[in-house]
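Report on the following structure.
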Amino acid sequence: MGNEEAVFFSRVLTELTLSFHIIYATIGVGIPLMIMIAQWVGIRKNDEHYILLARRWARGFVITVAVGVVTGTAIGLQLSLLWPNFMELAGNVIALPLFMETFAFFFEAIFLGIYLYTWDRFENQKKHLLLLIPVAIGASFSAVFITIVNAFMNAPQGFDLVNGELININPILAMFNPAMPTKVAHVVVTAYMTSAFVLASIAAFRLLKGSNHVYHKKALFLTLKLGLIFSIAAAIIGDFSGKYLAEYQPEKLAAAEWHFETEENASLIMYGILEDGEVKYAIEIPYALSVLAHGDPFAEVIGLDQFSEDEIPPLYIHYLFDLMVSIGMGLTFLSGLYVFATWRRWSFVQTKWFRWLLVAGGPLAMLAIEAGWWMAEVGRQPWILRGIMRTEDAATTSGQVDIMLVLFAGLYLILGVGSVVVLRRMFRKNPVEQEIEDRRKEQEGDFS
Amino acid sequence: MTLEIIGISVLWMFLFGYVIVASIDFGAGFFNAYNTLTRREHILTNIIQRYLSPVWEVTNVFLVFFFVGVIGFFPKTAFYYGTTLLVPASIAIILLALRGSYYAFATYGTNGHKGYTFMYGITGLFIPASLSTVLTISEGGFISMVKGNPVLDYWELFSSPLTWSIVVLSLVAVLYISAVFLTWYANKAGDHSATELLRKYALIWAIPTMITASGIIFELRGHNPEHYARILDLWWVFGISFLMFVGTVWLIWKRKNYGLAFGLLAAQFALAFFGYGVSHYPYLLYPYLTIYDSFTNEAMAIALIVAFIAGLGLLLPSLYLLLRLFLFNKDYVRGNKDNHA
């Protein structure tokens with residue numbers, strides 16, 4: 001196998017691992033916060049339903065955490081196995097957040113174990129709630145630190161490269177690179193948002209499938225309120241991300257927006273297809289790109305004409321960008337409508353078709369996460385370290401990457417199918433009506 | 001003490017932590033599978049599940065911590081080991097992934113399926129085998145430089161008696177460590193039949209552990225004489241380690257003080273592990289890579305050590321809390337209260 005093939009298969013394997021991992025990782029970052037909120041609401045309102053909600057979410061969460069942990073271990077090692085030259089160079093500058101990420105992960109793992117095995121052990125439920133705080137903090141901070149590593153790859157700083165040697169290294173400066181604030185905020189908030197919509201999907205699905213229990217209605221209303229808050233936050237931060245790109249990574253923004261020529265009063269191109277260098281069927285919104293990039297309708301936006309051919313990312317990222325933004329906007333609208341209509345007691349939100357829309361919300365949010373990551377990652381091609389190291393120079397020289405790709409693809413298939421089957425079985429066998437009944441009997445038993 | 005030595009000592013300590021907690025986990029899986037095969041699973045399953053369930057994720061973190069730390073302190077290892085370990089490390093990751101997630105599936109999800117129990121037992125033995133090839137490779141002689149890139153000679157690796165001695169040692173040591181720990185744990189739980197069975201396993205695996213460990217020192221004499229000579233310089237460390245081994249076996253034989261027996265075992269392996277590590281000094285990969293020429297810049301090293309100390313400040317109390325609640329809590333260990341979500 002030549003080096004070119006090794007680079008190709010390394011890319012595919014990394015993309016496969018990350019695409020699979022972020023499904024579980026996103027859930028892993030968001031769900032602990034949701035559990036914490038449900039538990040807190042339950043204690044405050046003295047409502048058993050919310051406590052039960054937290055408990056059932058926690059039980060399902062363990063399964064997704066397990067897959068998240070093992071695939072996270074996989075990508076952690078693959079960074080060095082598939083991109084040894086990159087890690088050798090970048091490790092000198094960016095090891096600190098990578099190291100801190102494992103601490104956050106450690107912290108979460110310890111308290112998650114304690115939390116899961118101490119239900120009913122404490123007389124005071126508030127003590128049990130306290131255990132969730134380190135779990136949620138650990139989960140969110142893993143995301144923060146690992147996203148800092150990724151932000152560094154987009155905007156490397158904190159060192160000087162003189163004759164191929166790294167000098168004047170400053171690990172703190174490397175962590176607080178320009179890409180970091182928007183990236184970290186966007187990743188964390190969209191993880192919360194996606195988790196809220198995934199949980200809302202489940203509640204809506206149960207309501208559709210015959211259970212009319214008030215438990216599911218409470219779950220749906222709570223998660224969609226949270227979903228609305230986080231999707232608005234995601235949109236605002238998304239706008240900041242656009243402004244960051246215009247300032248520091250104009251080639252990514254230009255490729256995502258099909259902005260070929262540098263101009264003032266730049267218009268935004270939505271949807272459409274690209275054929276032989278010509279954009280067709282697109283919706284053009286005048287001045288919008290200038291607003292997105294600089295907050296000024298007349299500002300100049302740098303186009304792809306400023307970059308040489310071999311430094312331009314693939315133009316298909318435009319479709320990914322559209323997909324992400326459309327889903328984000330759609331979900332904000334959908335959850336806003338639901339919350340407003342519930343508040344005004346409009347009954348159409350309880351119709352079948354509307355509930356099917358809510359069921360679709362979770363998977364769509366996850367699709368938006370994937371599309372967003374693909375756009376962000378493909379958008380920095382051809383660089384692995386923007387402006388410093390090209391991807392093809394970073395890959396392994398080993399000849400066995402293709403076989404490993406097949407093995408890992410098999411692994412993810414098994415894990416994906418396994419987790420879905422187990423989760424379905426867990427909740428099918430023990431519907432909430434049954435569990436409420438069981439707990440009632442248990443408590444009565446205590447008194448006799 | 002230089003920063004390089006601090007770095008490698010910290011990492012070696014964490015690797016030791018992983019070796020102990022993972023051995024307990026791997027061995028437990030194997031004993032569980034073996035007992036299922038011989039239809040005695042009722043004796044061990046409860047004990048093993050009660051210990052593993054709250055801690056399995058923590059076990060995994062020790063490994064992640066080690067390899068992230070190595071890349072952090074010694075970025076050049078990514079170049080040498082990353083390129084050459086693609087196949088053995090990938091296999092280990094796949095086995096770890098299957099094992100970890102299926103453990104969670106079976107424990108929290110549904111009532112265990114027999115096929116899963118066997119897989120859990122078998123993968124638990126293949127993982128130490130594939131991970132221990134790293135130790136073999138670090139002795140040198142299996143990697144050659146082709147056009148400036150390291151290439152691993154698989155034939156040389158798999159035909160070397162040193163490789164197989166290290167693989168066998170990792171297997172029997174896993175079973176021995178696990179059996180001693182579980183004997184102690186079962187005894188605390190007041191589970192007499194499990195204690196007796198595990199005690200038997202501990203005694204069975206004690207002897208091969210010692211034989212293979214001595215065998216490796218002998219193999220090294222031919223393979224890496226320089227390393228062998230430094231091991232001989234440290235003969236007293238291995239001597240004390242051996243005495244502790246005798247102490248453990250004696251206590252278990254006499255059915256006395258299993259807690260102390262496990263303590264001696266931990267000290268025995270710690271001495272042998274650090275003795276081996278010190279004698280390997282200063283090489284990370286003989287003869288290409290020493291801890292000095294692969295060490296990161298000073299700014300990063302200091303930042304990592306500061307992060308490490310701050311992190312430990314958080315971790316040690318948390319770990320203590322975990323042990324208090326599950327390992328040293330009588331009600332929990334005896335299964336009087338389960339309280340899981």
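For all residues, glycine too, the Cβ spot is worked out from N, Cα and C.
TrEMBL: automatically predicted annotations, no manual curation.
Marked as transmembrane segment by TrEMBL: B:6-34, B:55-74, B:80-98, B:118-142, B:162-186, B:198-218, B:234-253, B:260-279, B:299-327.
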Other parts of the chain folded back onto the transmembrane segment (B:162-186), taken as Cβ under 8 Å at six or more residues beyond its ends: 20, 22-28, 30-31, 44, 47-48, 51, 124-125, 128-129, 131-133, 135-136, 139, 194-195, 198-199, 201-202, 204-206, 208-209, 212-213, 215-216, 219-220, 223, 248, 252, 258-259, 261-262, 265, 269, 327, 333
Contact call for the transmembrane segment (B:299-327) and the transmembrane segment (B:6-34): at least 3 Cβ pairs under 8 Å, seq gap 6+: yes
Whether the transmembrane segment (B:118-142) meets the transmembrane segment (B:198-218): three or more C-beta pairs under 8 angstroms: no
Beyond the flanks of the transmembrane segment (B:6-34) by 6 or more, those residues with Cβ under 8 Å of it: 41, 44-45, 48, 51-52, 55-56, 58-59, 62-63, 65-66, 69-70, 73-74, 99, 117-118, 120-125, 127-128, 173-179, 181-182, 198, 201, 266, 269-270, 273-274, 277, 291, 295, 301, 304-305, 308
